[in-house]
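Student: Here Swiss-Prot flags 1-199 as region 'DHBP synthase'. The D-ribulose 5-phosphate binding site annotation in Swiss-Prot covers Arg26, Glu27, Asp31, Arg138, Ala139, Gly140, His141, Thr142, Glu162 and rests on sequence analysis. Per Swiss-Prot, the feature Mg(2+) 1 binding site maps to Glu27; the stated evidence is sequence analysis. Residues or ranges marked as Mg(2+) 2 binding site in Swiss-Prot: Glu27, His141. Residues or ranges marked as site 'Essential for DHBP synthase activity' in Swiss-Prot (evidence: sequence analysis): His124, Glu162. What Swiss-Prot lists as GTP binding site is Arg249, Ile250, His251, Ser252, Glu253, Gln270, Glu291, Gly292, Arg293, Thr313, Thr348, Lys353. Positions annotated as Zn(2+) binding site by Swiss-Prot, on the basis of sequence analysis: Cys254, Cys265, Cys267. The active site, proton acceptor annotation in Swiss-Prot covers Asp325 and rests on sequence analysis. Annotation comment: Swiss-Prot describes Arg327 as active site, nucleophile, evidence class sequence analysis.
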Amino acid sequence: MFDRIEDAIEDIKQGKMIIVVDDENRENEGDLVMAAEKVTGEHINFMIKYGRGLVCVPMTEKRLNELGIYQMVENNTDHKETAFTVSVDYKECTTGISAFERALTVKKLVDDNSKPEDFTKPGHIFPLRAKDGGVLVRAGHTEAAVDLAVLAGLKPAGVICEIIKDDGNMARLPDLLEFAKKFGLRIISIEDLIKYRMKNEILVRRVAQAKLPTKYGNFEIVGYEEILTGKQHVALIKGDVNKEPVLVRIHSECLTGDILGSLRCDCGDQLHAAMERIGQEGGILVYLRQEGRGIGLLNKIKAYHLQDQGLDTVEANIKLGFPPDLREYNIAAQILKDIGVKKIRIMTNNPQKITELSDYGLDVVERVSIEICPNHYNEKYLKTKKEKMGHLILEV
């Protein structure tokens, strides 16, 4: 359905437009997107005539500050936090509204020789302030446009325009696919762009390393930090991990289960079972800071409250406005690659974890089951994981 990110990047490099689609649970929209430094009056005219949305120019915060172009409002109450700045025109434009004068303004925004006094305000071009870190920080069209320009080796700025149907309603995916076919444009998703960046960029750095004696044996503990977010994770290494395939457990943080001994889940039991087996056989335990299947500790406690009222773990997440599972494993894959591991035997009951690790370039040669005997408090939880989340659990 969607084109390859590599092909889209090549089109951006050549000055072509593409269509970028965001998540159906977000805006569920498609934008025409191209590199700002490649724009012409013809491109702007196409966007106005066929896209029909608002022509905007996503740029970095650094560049906008250099040009003295600041936020449109001090308190941004837009529900998607789209960071509009004051609109601008290039000072030598007449009205600034024609397709060709708008293109001139865009070109001057990315011209290294431009100065703040070269622009009049307000105008007819709407710069947007992209978040540092791009789509890995905010999964919006603003960040996607800047990311694509950078990946194409161009200046970090794009031109975007929403696609609206003939009847005035927003074009959704079926309409966008038809639009792409009609005009011969590539179409990609922001989700695929996120995966591309996660797979091809280094997003963690090794910060510290020390010996860690435990009741399961003597481990080496290695501390990692995510470059974009500062979030911290650790890996416990036992024995020689140069002999592949390596036994691996990727464990997501669970304060209530891992530390407080909660009987509501099987997390603590799984953690200690994994440490014991790795302590005996050698291997790696990656401990990820994504509490509550990614929704955070306080939201997990809210989910517990809903479960006390009869909802299951999936229903509780959805009631709170979250997917059943928000966890991601790209950081774990990068940690394993940093350690030098590529071929693994993964201790998990979660097939999605295997799929994601494989997508990020690891060779998963075996799934090692990690069965925990259910108790009165977590039996419903385990059944829900098995029946609704596809976990390969035999004991319930």
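Cβ coordinates are placed from backbone N, Cα and C, and glycine is handled just like the others.
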Student: Please report how many Å separate the Cα atom of Cys265 (Zn(2+) binding site) from that of the residue listed as 'active site, nucleophile', as a whole number.
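Tutor: That comes out at 16 Å between the alpha carbons.
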Student: If you compare CA-to-CA distances from His124 (site 'Essential for DHBP synthase activity') to each of the recorded positions Glu162, Glu291, Arg293, Asp325, Thr348, which comes out shortest?
Tutor: Glu162
Student: Measuring C-alpha to C-alpha, could you say which of the binding-site residues Asp31, Arg249, Glu291, Arg293 are within 10 Å of Asp325 (active site, proton acceptor)?
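Tutor: Final answer, ordered: Arg293.
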Student: Compare the Cα of Arg293 (GTP binding site) against each of the recorded positions Asp31, Ala139, Cys267, Arg327 and report the nearest.
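Tutor: Ranked by Cα distance from Arg293 (GTP binding site), first place goes to Arg327.
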Student: Please report the three-state DSSP label of Arg293 (GTP binding site).
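Tutor: DSSP call for Arg293 (GTP binding site): helix.
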Student: Pop the Cα-Cα gap between Glu291 (GTP binding site) and His141 (D-ribulose 5-phosphate binding site) into the table, whole Å please.
Tutor: 28
Student: To which of the recorded positions His124, His141 does the lowest count of other Cβ atoms within 10 Å belong?
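Tutor: Counting other Cβ atoms within 10 Å of each of the recorded positions His124, His141, the minimum falls on His124.
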